[in-house]
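What follows is a set of notes on a single structure, which appears directly below.
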Amino acid sequence: MGWRSLIITQHCKVTTKQHSLVVQTNGDIHTMPIDDLNQVIFATTRALISADAITSLAEANAKVVFSGRDGQPVTETANLYSDRRKAEQIRLQANWPNDLVETMWTKIVAAKINNQAQVVKLCGHDERPLLDDLDALELNDVSNREASAARRYFKIMFGEDFSRSDLCATNATLNYGYSILLSSTNRAIVSTGHITELGMHHHSASNPYNLGSDLMEPFRPAIDYWVAQHSIKDLTPDVKYALIDLLNLELTFNGKKALLQNALADHVENCMAFLDGRAKKCRIEVIFPDEVSSYAINDHV
């Protein structure tokens, strides 16, 4: 799996040559080894990409994300097959034991609320209201502590008048960050041989990424943390670059230093091993750094 992000922001043509991606703009030609890429994001509708380029990126397990006219991601490539996927694997996923699913979902919710409390404290706020929800968490979150914590959390982080349904720059930024996180989660799921459509808690027939929506939950606070530290007036290209580069954030996952994107891949692998019955335990422990900085994006066009 590659490590670089490529963002397309202007009219261009994307093709391949000698297993490199070729991006031709009006005045320049840029090339990059396909194996170096983990995702290509089209932030404009004025770019063209060849079928061979899409196929080559898919074979390298690199995501291609397409944005709409408003700049928000609307779709992404999803590999139909992986080297590890077999019919038996899909049947196993479709028949995960209910007790394992309930235990796994409880662990995910607990990790998410704990990480929200951690971020609230790092931002200088009182985390005790969230810890109250964490203490009240039951198996399979039957009392919906996740939703209760979320209602408290966003008001603590972004103000009493803030609502996730508001049409504002903060929500646009959060949504963009979450979409990048979801895309990386989906890529990790496919690489384990599982399918993204069959989730644990998310079951929408119209959502092809139910499992990704489940597994990404503990890492959402990384996006919230960054957004809370910046005064966002508009979802500019620079903001998008910084959100994408959050995948390179160094944190501590299960006691070891790791980049966010690598921790996410390990998290997916651990969860799948538990649900498949290959592991008896699944640990989800994330420690964020004291500050989430804005790093320069690897490459953008």
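Using N, Cα and C of the backbone, Cβ positions are placed for all residues, glycine too.
TrEMBL lists GLU146, HIS202 as binding Mn(2+), and of GLU127, GLU160, GLU217 the one it places in that same site is GLU217. Look at the binding-site residues GLU146, HIS202 and count other Cβ atoms within 10 Å of each Cβ; HIS202 has the fewest. Other residues of the same chain near the Mn(2+) site, with their Cβ within 8 Å of the Cβ centroid of GLU146, HIS202, GLU217, are TRP105, ILE108, VAL109, LYS112, HIS201, SER213, ASP214.
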